[in-house]
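Trainee: Encoded as structure tokens, here's the structure I'll be asking about.
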Amino acid sequence: MGWAGDAGCTPRPPIRPRPASERRVIIVLFLGLLLDLLAFTLLLPLLPGLLERHGREQDPLYGSWQRGVDWFASAIGMPAEKRYNSVLFGGLIGSAFSLLQFFSAPLTGAASDYLGRRPVMMLSLTGLAISYAVWATSRSFKAFLASRVIGGISKGNVNLSTAIVADLGSPPTRSQGMAVIGVAFSLAFTLGPMLGAFLSVEMVPWISLLFAISDMLFIFCFLPETLPQEKRASSVTLGFHTAAHLLSPLALLRFAAVTHSQDPPAEHRLRNLRRLGLVYFLYLFLFSGLEYTLSFLAHQRFQFSSLQQGKMFFFIGLTMATIQGTYARRISPGKEAAAVTRAMLLLVPAFLLIGWAHSLPTLGLGLMLYSFAAAVVVPGLSTMVSSYGSPGQKGTIMGILRSLGALGRALGPVVAASVYWLTGAQVCFTVCSALFLLPFLLLWKLKHPAETSKEE
């Protein structure tokens, strides 16, 4: 599996479903995503300090945002503490970033169905590199926000990575590929903040830019095209016309872009696809909200310092990476629905333990269950969705899924923070834990594509 014979940085021909080629594609995707996500996560431990610096500089744009944050904090009854303010401010910036991904993901997916995965991937990575360059070359809050906007619009590489995995021929490889993408996320969110904590605010954007450029060159040299010309969408106009259906959340939940395509799935498969999309949205809406409020709970109830919170998230990331690298990637094809259903149900006691914990062992047990479930759900759902649609629809379908996830991540933290401060931690975590039963029940009796194919 060495790369010595392919030293030149020339575009690769479309791959055929050969196991060695598929393994190589997955390795390239893993390393490329790891570089990209390390660039993104370096900032996380430094965000509170960065926001405080802009506040001290009395940046006018920062001041207007701060007034909005103060109004929202007052409306939900949040205490006027600097630490809470930083978490809320950073969460709102993160929600805006996710909202931009909600709009851009279906467009990149539809474009890649017509143009191929490689060129659209390179365009996305170029946009990400530009976003870090804008941030690195200016110290103003305006430049920081501009970099987040450019980065949010350009963050199509994750969606494209799932589409590339969906292009691969064998179901076991697709399942392993989705799990490996999850491992890249877990490792990056474990290692990136640790590395960022040792860097200065001035150095981080330059290191992120270095990672982004390295990622761009690496993908250009080693990623083959996985969507052959004969399997692509017949018209870019058709692709963008169907993608326009995704700007409405309701159309997105109906998978309207797939329904109006030239080769729509059978009605029962379309119903399954819509149900999976709803499960994905509800899961990430609830999960991202509770994940966001963990910082509030850890500080309010356990008086965790920033360092202790960093250790908590390191424990979560390490547990997730271990589960994804061992258990999740070995889930047999056709067994994803059962694994995801069990993991979804596990989140109910996990968040009940966290929300009602008054001792560190109880909190640790809740976090362990939470990490196990989180390691399984998204890769499993992604694998299931990747089984739907023709080769020329995979990018659009995975783009829809990423859009639904981005919408959930945009709305979840705002809603969960409001419930947390208006009703308290125990009510917030209890209600949200119970609500996980809704996606669980939606998924419980869903038939896997392999089963429906047998019936046909």
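Backbone N, Cα and C atoms are what each Cβ position is placed from, and that goes for glycine too.
Below are the features listed in Swiss-Prot for this protein:
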CARBOHYD  Asn159  N-linked glycosylation site
TRANSMEM  25-45  transmembrane segment
TRANSMEM  87-107  transmembrane segment
TRANSMEM  114-136  transmembrane segment
TRANSMEM  179-199  transmembrane segment
TRANSMEM  203-223  transmembrane segment
TRANSMEM  278-298  transmembrane segment
TRANSMEM  311-328  transmembrane segment
TRANSMEM  345-365  transmembrane segment
TRANSMEM  366-386  transmembrane segment
TRANSMEM  403-423  transmembrane segment
TRANSMEM  424-444  transmembrane segment
Trainee: If I count Cβ-Cβ pairs under 8 A between the transmembrane segment (179-199) and each of 87-107, 278-298, 311-328, 345-365, 403-423, which range comes out on top?
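Mentor: Highest pair count goes to 311-328.
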Trainee: Ten-angstrom check, please: count other Cβ atoms within 10 Å of the Cβ of the residue listed as 'N-linked glycosylation site', all chains counted.
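Mentor: Total other Cβ atoms inside 10 Å, all chains included: 29.
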Trainee: With Cβ distances under 8 Å as the criterion, find the stretch in 25-45, 87-107, 114-136, 203-223, 345-365 that has the most pairs with the transmembrane segment (403-423).
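Mentor: Looking at each of 25-45, 87-107, 114-136, 203-223, 345-365 in turn, the most contacts to the transmembrane segment (403-423) are made by 87-107.
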Trainee: Suppose I define contact as three or more CB-CB distances under 8 A, residues 6 or more apart in sequence; do the transmembrane segment (424-444) and the transmembrane segment (278-298) meet it?
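Mentor: Yes, the transmembrane segment (424-444) contacts the transmembrane segment (278-298).
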Trainee: Given the transmembrane segment (203-223), which of the listed stretches 25-45, 114-136, 311-328, 345-365 has the most Cβ pairs that are under 8 Å apart from it?
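Mentor: Maximum Cβ contact count belongs to 25-45.
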Trainee: Counting only CB pairs under 8 A, let me know which of 25-45, 87-107, 278-298, 345-365 has the most with the transmembrane segment (114-136).
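Mentor: It is 25-45, which has the most Cβ pairs under 8 Å.
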